[in-house]
Ligand SMILES: N[C@@H]1[C@@H](O)[C@H](O)[C@@H](COP(=O)(O)O)O[C@@H]1O
């Protein structure tokens, strides 16, 4: 795991955009894995800025979202399909027909999840998966106790996650759906490269567990320790509980040019 502790959340987002820009230049038909939530918004803004500067084009790219609420119509402002359009895809030149998400309105949930897995495979797999992290250590919506081998499926959200996300529903906990469709941890681990971004002290414990804790379904993001190409980009507050922060800073500062994101 590469752990980068930036001076600020904005710097972390800019470093993440560097990594994605490099991947897009190497493969214009890159397949991106998109996360919702507030954490990746800085990355999306930075990519949009670079696009308008001519530094990047996503015209040949495609994308797969991590997860979706069950029961919200796709045009609901908090449906992840709408959120990703608002925060990212409408600002860049990616073809909207090439942006995919799990179907949270499907009658046959199992078939919808199997179809989603098949669509990812048919696209050749995800090249760069962007991740945030929940305060309880979830990635996508893989809540604690999720199988580390799980595939796309329906999950029940924890009360903590619904409380955390109620800020997007005017603070109304009852308005936050109780279920979601989410890529599984096994699905996420098949991405070729994974980029997790976190900021703020509320994420510090989840980050400590993710980077330094034992691999355990109690903290689902710890499964990322099993992946060979993970970059974790943090602001100082999110990194504040790491025992080995000085070591990570030293490693990052001394990376040879070819190893830099
Ligand atoms: N399903 C999403 C996750 O993909 C996201 O990483 C996480 C953190 O959200 P935020 O970045 O807003 O803190 O919560 C949501 O519930």
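Note that Cβ sites are derived from N, Cα and C of the backbone, with glycine treated the same way.
Not measured: the values here are computed from a predicted model.
If you check TrEMBL, you get these features:
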type	residues	note
DOMAIN	7-225	domain 'Glucosamine/galactosamine-6-phosphate isomerase'
ACT_SITE	67	active site, proton acceptor
ACT_SITE	136	active site, for ring-opening step
ACT_SITE	138	active site, proton acceptor
ACT_SITE	143	active site, for ring-opening step
SITE	146	site 'Part of the allosteric site'
SITE	153	site 'Part of the allosteric site'
SITE	155	site 'Part of the allosteric site'
SITE	156	site 'Part of the allosteric site'
Across the domain 'Glucosamine/galactosamine-6-phosphate isomerase' (7-225), average pLDDT on the 0 to 100 scale: 96
Recorded positions near residue 136 (active site, for ring-opening step), in sequence order, restricted to 67, 143, 146, 153, 155, 156 and a 10 Å Cα cut-off: 143
Cα proximity to residue 138 (active site, proton acceptor), best match among recorded positions 67, 146, 153, 155, 156: 146
Cα proximity to residue 156 (site 'Part of the allosteric site'), best match among recorded positions 67, 143, 146: 143
Listed recorded positions with Cβ under 6 Å from ligand 1, out of 67, 136, 143, 146, 155, 156: 67
Fewest Cβ neighbours within 10 Å, where candidates are the recorded sites 146, 156: 156
